[in-house]
Amino acid sequence: MGGKKKVHPKTRTAAFKASEPSEIVEAPHSFVIHRGLACPYITDLTLDFRRIMEPFTASNLREKRMNRIKDFVSLSSFFHVSHMGIFNKASTQLSFKVVRLPRGPSLTFKVHQFTLARDVISLSKKQMIDNDHFKHAPLVIMNNFSGDGKHLKLMATTFQNMFPSINLATVNIGTIRRCVLFSYNPDTKLVEMRHYSVQVVPVGLKRAVQKIVKGTVPNLGKCNEVVDFVTKDGYASESEAEDDEQSHVVLAQTLKSKGNLEDKKSSIKLHEIGPRLTMQLIKIEEGLLTGEVLYHDHVVKTEDEKETLRKLVEKKRKQKEQRKKEQAENRARNLKLKKDEKWAAKRAAEGRTDSDPEDDAEYYKEEVGEEPDEELFKMEAKSSRKRPSLGGGMKYKNKRAKLDTKDKNDKSERTDKYDRKDKFDRKDKKDKFDPKNRRAKFDPKNKRAKFDHRKSRKSK
């Protein structure tokens, strides 16, 4: 037999766990979902965008068709979610919405082009990607968002607030392994989004030495010694171009990678890991996907039209509040009516009436001016119990008396249930005709069944 199974303590929920650090709680968290028509490419694009937002996003979030936006909004406060990205696939176009939870504003973009991460990586010669790159938030780079329009400032602020801010005085340079670029083109009004991995390489070394430091050494079959490989640059890859001097920086900290020391020059290289997005800002709404339209790219309205729309929105809001109030009152009234009906049915089942004899007597006295007769309004004795109360000794039945063990074990008085006699030989009882017994024959003289020998012989 197996031993006793060990009982492990249950893992408790987040409410019972130790409190999270303030850096994680205050960091902007996000939900990225997709709605609309089913499309496998949109699902992959949603997963790739979640990859960009890591680690402060729900990477394994599973949304269903029955889920609504308000379901995610109701959970946002519990999980410290500040932003939500929504990819919506329609029959004619793909849109991307960025919502600031829980009260807005909401930015709606039209997606002109997109490329999945797997396609971008397959096109690159060097695939510089590692799971350790996604343990920290990326660096956000904004380009050309310094325009006159307020919508540009709001758009730039929204993109920056989607990622945690970086304190230059306390940041660890080794944790910056990725960067996200948002570039705005004022001529076409398009926003280009790119995602890169960051690689830091020491400067001032020959190509051969750099390869030895990195640990990627080519075929040395033609070399007699390592010195031949170092002194001759012909063995290095010709496809590698020289580093641009603009990418050279002096490191303020020593990195874990080989050759990157403090106060030494290093070169920063970017490798695109995808996805790519080309989108255009269409609309900015004040509320959570509703409310006043602050900016629209296609429709331009005058101040009078805006004021009319504000009044219309305010009117609809008041009507909605009034309907909610009326619904709450109707619900309370219906509950009260049901409760009264239930109580009246209970009183009717108990044989009671709503009228009280004392009240009837008072009413008679006020109307007639005389005392009513005693027999007119009789006070019936009210019983609070449906059944009469029983005494203490009558609540339970008396127990049966136990048989004496001597009488129980006496074999002489006991009858054997297997000791059977033929029912035709019994004289103590008058035999009757049994229609089920085919061997018996009825005799009308003595009114008793006789045994038929012919049938018994035939059966043999």
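Each residue, glycine too, has its Cβ placed from N, Cα and C.
Not measured: the values here are computed from a predicted model.
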Checking Ser355, Ser456 against Swiss-Prot, the one recorded as phosphoserine is Ser355
Swiss-Prot lists as phosphothreonine, out of Thr108, Thr308, Thr353, Thr405, residue Thr353
Checking Ser239, Ser257, Ser266 against Swiss-Prot, the one recorded as phosphoserine is Ser239
According to Swiss-Prot, of the residues Ser106, Ser237, Ser247, the one annotated as phosphoserine is Ser237
Whole-number mean pLDDT, the domain 'Brix' (28-290), equals 87
